[in-house]
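**Student:** Attaching a single structure in structure tokens format; questions to follow.
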């Protein structure tokens, strides 16, 4: 062990100018004299023990030969840090106040060329930036110009993610100001391709990864996340990403994209958002054989092993972040999605966007479409192609709204809704073989195996596609819908675009321009007989950002179905006669933050009414309160 005197001598030598030059005046790149090397060896030993006092002497004190060899490497590399090995690590120091070079690489505080002259002097930025000082608006204009040069959507996505990693406020300012143009870039449909290629385009981790390797240590993994005041978590296990299937760990693009929209559209602070991927393996052989795959290379865990990890995760979230953190389940396979929602809805603040979010936005579209086609919700007949999470979730919310309006039992209201899965129409004769979540939708009817036969037999006024299978709304099907409906309501909801049941152009052309159409993925306006039809997009982004904000500002501890109905009814009221005349049953996204504030106010009001809110007293004007709580991405001035 070094004596206290020797340690002090070594520390003083480290601060001396002789540290950087030999006695003979040699430069710092040279090896220096023997005595200087000895001083450096002793100073290095002091630093090692200061950083890790419990290290054994054999690690702290290196042999002279080893040290001399490392000094040669350090001299060539240009610094003491190059002397580090696995046995003698360096400490990754971080400063409490970012300045200079560090500040420019901090995405939470970086402003690029928008740093003022005063800020450049105060934070040691002078010379690290070109002389020009520009506004945030000009930065937005420049980036939009650059993005429009890319012809491939994935290139735009990568450029946007790169911006988010460099300058967080500029990213959200860009997205908010150009939401209609950039929404398809940061989310569907482009995010689907990004997830498929996530391993290849992976640059920097975003979010938190919890894998089977972390079993028994999930609490510690969550503690590694730097933020503590988390309000919204979006979590996926990657088994059913959009309509693309099992993408394993590469499904992280979905939670990242969703939470970007929570901030941009709903105003939830970025630091309060946490994207998480639960990696339990993948059954996708292509990914397992892909050298760039970033997840566990094993078959997907199921049963007890899977549910034990999820139980540990849910318990850890509640322990660290409390019971008022909203946990949004995203893109879980049917068999897990329904089980997880049923299991945790009574003990946690949970929300499944594929089941509940999709249902809420589609119900809003249906309520809005009634202003075009006439009648009440109970007077229409509904046929779904697809009986998974989305299909059954929408069907249940329709039945709940009908029950609310008519005061009829929910079982009676379900009879207005028919579902068709891969084996045909869901009828009573199939009840024994049906999964539990499909059984409420089995009605008395003869077996029907094809969609066209079901349409001709049931004669629905509303046809909704949630199958994930493209081109299933054929010309014959849409012509049949148009033959007995003056204004057939056709929702082609599957994502991405390639999986859509039909395109907007097909729906309008095959119905002679009479269809009331909405889709899950965006479509361009369609001209038919001289009239421009603007297809509405039944995008969950209308609902979940405002819904989440409403939960946050009310301090709700549980999600109730009446809160979903309140969100639907509020969104339905936002579409105007001008929108209807253009053919759209949804309002434009240009006003989405105002819409989100109104939805948040409705959701919060319902939470207070149901006794689920904990943030007391209740604000007098919930809409104004919601707006005041929303994150704005304008630059802040620095001292």
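Yeah, the Cβs are placed from backbone N, Cα and C, and that goes for glycine too.
Values in this document were obtained by computation on a predicted structure and should not be read as measured data.
The transit peptide feature in Swiss-Prot is assigned to 1-49. Taken from Swiss-Prot, the feature region 'Disordered' applies to 15-34. Here Swiss-Prot flags 240, 354, 495 as NAD(+) binding site. The feature active site, proton acceptor is assigned by Swiss-Prot to 258. Summarising the annotation, Swiss-Prot assigns divalent metal cation binding site to 330, 331, 354 and lists similarity to another entry as the type of evidence. For 354, the entry in Swiss-Prot reads site 'Important for activity', with the evidence type similarity to another entry. Residues annotated as NADP(+) binding site in Swiss-Prot, with similarity to another entry given as evidence: 383-399.
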**Student:** What residue among the recorded positions 240, 258 has the most other CB atoms lying within 10 A of its CB?
**Tutor:** 258
**Student:** About how far apart, in whole Å, are the alpha carbons (Cα) of residue 398 (NADP(+) binding site) and residue 354 (NAD(+) binding site)?
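**Tutor:** The Cα atom of residue 398 (NADP(+) binding site) is 15 Å away from the Cα atom of residue 354 (NAD(+) binding site).
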**Student:** Name them in sequence order: residues not among 240, 354, 495 whose Cβ is within 8 Å of the mean position of the Cβ atoms defining the NAD(+) site.
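**Tutor:** Output for this site, in sequence order: 241, 242, 243, 331, 389, 390, 468.
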**Student:** What's the CA-CA gap between residue 331 (divalent metal cation binding site) and residue 240 (NAD(+) binding site) in angstrom, rounded?
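**Tutor:** Checking the Cα atoms of residue 331 (divalent metal cation binding site) and residue 240 (NAD(+) binding site) gives a distance of 5 Å.
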**Student:** Between the residue listed as 'active site, proton acceptor' and residue 330 (divalent metal cation binding site), what is the CA-CA distance rounded to a whole number of Å?
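**Tutor:** Residue 330 (divalent metal cation binding site) has its Cα 9 Å from the Cα of the residue listed as 'active site, proton acceptor'.
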**Student:** Would you count the other CB atoms within 10 A of the CB of residue 354 (NAD(+) binding site), including those on all shown protein chains?
**Tutor:** 23
**Student:** For residue 330 (divalent metal cation binding site), which of the listed binding-site residues (240, 354, 383) have their CA atom within 10 A of its CA?
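**Tutor:** Passing the 10 Å Cα cut: 240, 354.
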**Student:** From the centroid of the CB atoms of 330, 331, 354, the recorded divalent metal cation site, which same-chain residues not already listed sit within 8 A by their CB, in sequence order?
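**Tutor:** Leaving out the recorded residues gives 236, 240, 241, 254, 329, 332, 337, 352, 353, 389.
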**Student:** Cα of residue 240 (NAD(+) binding site) to Cα of residue 386 (NADP(+) binding site): how many Å, rounded?
**Tutor:** 15
**Student:** Rounded to the nearest angstrom, how far is the Cα of residue 386 (NADP(+) binding site) from the Cα of residue 495 (NAD(+) binding site)?
**Tutor:** 13
**Student:** Show which residues of the chain containing residue 392 (NADP(+) binding site), separated from it by at least 6 in sequence, have their CB under 8 Å from its CB.
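**Tutor:** Within the chain, residue 392 (NADP(+) binding site) has Cβ neighbours under 8 Å at 355, 419, 437, 438, 441.
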**Student:** Within 10 Å of residue 354 (NAD(+) binding site) by C-alpha distance: pick out those among the binding-site residues 383, 386, 389, 395, and say none if nothing qualifies.
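**Tutor:** Of 383, 386, 389, 395, within range: 389.
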**Student:** What residue among the binding-site residues 331, 383 has the most other CB atoms lying within 10 A of its CB?
**Tutor:** 331
**Student:** At a 10 Å cut-off from the C-beta of residue 395 (NADP(+) binding site), count the other C-beta atoms across all protein chains.
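**Tutor:** Residue 395 (NADP(+) binding site): 25 neighbouring Cβ atoms within 10 Å.
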**Student:** Identify, in sequence order, the residues in the chain of residue 386 (NADP(+) binding site) that are 6 or more apart from it along the sequence and have a CB within less than 8 Å of its CB; answer 'none' if there are none.
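**Tutor:** Spatial neighbours, sequence-distant, of residue 386 (NADP(+) binding site): 419, 420, 421, 465, 466, 467, 468, 494.
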